[in-house]
């Protein structure tokens, strides 16, 4: 109901039929709610767990699981699988949807990302176990950082495979009036590269800062006497870090990005007088 009210308010503003007494703050709030829920290409609601606004609340339990110390082989596989399953759905739900994407592409991205994440995580764990020169305490600390390279590399694979269809089909590029000029594979490549870069930046603080913070907190005598508090504190640290890092990573590139016409395909450059065109990068 709230979403429908917001959409109607924005439509009234667009067609100059806005009722008196509506403030600018109300319009901005309506815009924020609509953009958080509605896909800009399809105009349909994004399923709540896969919205970018739902990434932190639904992703934090998985992040906590990935960063738990003393992981077994099975727990590593399970948490990496859950993480990439969630990421695959988020990437698919927030993709550029100007062209249809078959289910087979979704399955390819899903299988590829999960396989990459689990393989790298297991490989790094095996190397650490064989590093006889490392002290037990050093080995535990290094193991805590294993999720980052596994997740970062899998995230790149995830985005590339989940959105591979855009590379072959291209994505729509728009002029200043919002009219479609053509379909560009070059713009699609830029969109995927920018999104993949955000997926590398995003896990940096999430998987680096909590292990460092927890390694210091665990030395406190208070927590050594109250070991039951470690998991709640660990969870709060992960939640705060995740909540701060997501907006930073997403803000690196605007969702509606621009590209110079001279960098696009010749047929697109010939079809418009605009110097810059716009495309939906996706999130």
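In case you wondered, yes, glycine gets a Cβ from its N, Cα and C as well.
Among residues of the same chain six or more beyond the transmembrane segment (55-82), those with a C-beta under 8 A of the stretch's C-beta atoms are 48-49, 90, 114, 117-118, 121-122, 125, 140, 143-144, 147, 150-151, 154, 206-207, 210-211, 234-235, 238-239, 242-243, 246. TrEMBL lists 55-82 (among others) with the feature transmembrane segment.
Sequence annotations record features per position, and here TrEMBL assigns transmembrane segment to 109-128 (among others).
Per TrEMBL, the feature transmembrane segment maps to 140-161 (among others).
Sequence annotations record features per position, and here TrEMBL assigns transmembrane segment to 200-217 (among others). Remote same-chain residues near the transmembrane segment (200-217) are listed as 63, 66-67, 141, 144-145, 147-148, 151-152, 155-156, 223, 230, 233-234, 237-238, 241-242, 244-246, 248-249, 252 (criterion: CB distance under 8 Å, separation of at least six residues from the stretch ends).
Residues or ranges marked as transmembrane segment by TrEMBL: 229-253 (among others). The list of residues near the transmembrane segment (229-253) in space but at least 6 beyond its ends in sequence, with Cβ under 8 angstroms from a Cβ of it, reads 52, 55-56, 59-60, 63-64, 67-68, 194-195, 197-199, 201-206, 209-210, 213-214, 217-218, 223, 281, 283.
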Contact set, same chain, for the transmembrane segment (109-128): CB under 8 Å, 6 or more residues outside the stretch: 71, 73, 76-77, 80-81, 83-85, 87-88, 91-92, 134, 139, 142-143, 146-147, 149-151, 153-155, 157-158, 160-164
